[in-house]
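Straight from Swiss-Prot, the features:
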ACT_SITE  12  active site, proton acceptor
ACT_SITE  40  active site, proton donor
BINDING   11-17, 39-41, 296, 322-324, 400-402  GTP binding site
BINDING   12, 13, 14, 15, 37, 38, 39, 40, 121, 135, 215, 230, 294  IMP binding site
BINDING   12, 39  Mg(2+) binding site
BINDING   290, 291, 292, 293, 294, 295, 296  substrate binding site
């Protein structure tokens, strides 16, 4: 059976800590979408680990880790991550169906961002997915056969010829790209496997599989705040498509949310707080992107968005992260509905334009940091937790009270 860990905001919810906290109980941990535009930060024994492509189970020696087919892979960045760990042989596997991000993709991404202003990381994620959908991409499995790779590269060079100058690729692009693959393919090829068959077999054997997503539900290409979204499907449903596991294999869906809201990049954010309180949340919560170091926009918890995300993912339980960041705040707001042109909205619309938050205010608490038992939380903190649980209609199974793995309340 497989369990899914999915972000139910705009990403950066703390999925890495949760996966790291529970990964020891699983045989496989699988990253199922996105690219190195996303990042997990894990604090283990006082040491901070920033992961961009590697599944969070790499810190457990007995855990097998898979990068599955819907992930787009920068071989350079993956090689750099691999070099930071030891003994990954027979513990890390990259799907032969996953698509390869080329240096050209990053150049195209940066070029398009100048006019579109979406707020992308300019890592080449979107253009790589474009080539995938156009059936012209290079897959990880192509790196295993020099002849096939050469054919794919020649087709790529022909396709981009009209755009080389616009994207600033330079006269030596073809030579440089061949050298690029020569440098990194040798390092990455031992990890490339048919992970789809591997996971199907593992599921049939009854092995435990944990599927972790990147970004968050509200960035989903189809169901998020379009066009300010990522280029992949970020919901729990995409875990099946990417891994080859059928929907019957899914057991628990754990939705991850912060006790407040953040968003990086452009796009609508109804509960954003543009006052010094937003700055306080950013500073205390260390809200800076793992990948880009960009400051995250901060605001209050949005229950309209949270209910929507829980429904989309079929969440069976929630993990409430960073409760301690709200410590010491006298009045804590929660967005319970939107108002748009005089109309109250309680359902999440396809377009958030002109949506203003309707807040309910709660009394704050002094301290929750480091608490590991529910009964040790102050009454106001417990009331806040129970209100969220009641309004969303999904059990909160875990509360995080600091970045440390052990500072976790299990309910």
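Every residue, even glycine, has its Cβ placed from backbone N, Cα and C.
Owing to the predicted nature of the structure, the values given are computational and were not obtained by experimental measurement.
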Find the one among the binding-site residues 215, 292, 294 whose C-alpha lies closest to that of residue 11 (GTP binding site). 215
Roughly how many angstrom lie between the C-alpha atoms of residue 401 (GTP binding site) and residue 12 (active site, proton acceptor)? 16
Could you give the Cα-Cα distance between residue 294 (IMP binding site) and residue 12 (active site, proton acceptor), in whole Å? 12
Indicate the candidate from 37, 121, 215, 292, 401 with the smallest number of other Cβ atoms within 10 Å of its Cβ, considering only these binding-site residues. 292
How far apart, in Å, are the two Cα atoms that lie farthest from each other among 12, 13, 14, 15, 37, 38, 39, 40, 121, 135, 215, 230, 294, the residues recorded as binding IMP? 34
Which binding-site residues sit within 10 Å of the residue listed as 'active site, proton acceptor' - Cα, from 37, 39, 292, 295, 323: 39
Spatially, which candidate from the recorded positions 39, 40, 121, 295, 296 is nearest to residue 17 (GTP binding site), comparing Cα atoms? 40
Inter-residue C-alpha distance, residue 14 (GTP binding site) and residue 37 (IMP binding site) (nearest angstrom): 15
Euclidean distance between Cα atoms of residue 40 (active site, proton donor) and residue 292 (substrate binding site), Å: 12
Site of maximum Cβ density within 10 Å, from recorded positions 17, 40, 293: 17
In the three-state scheme derived from DSSP, which category covers residue 292 (substrate binding site)? coil
How many other Cβ atoms are found within 10 Å of the Cβ atom of residue 39 (IMP binding site), counting all protein chains shown? 19
To the nearest whole angstrom, state the Cα distance for the pair residue 37 (IMP binding site) and residue 296 (substrate binding site). 15
Between residue 293 (substrate binding site) and residue 121 (IMP binding site), how far is it from one CA atom to the other, in Å? 10
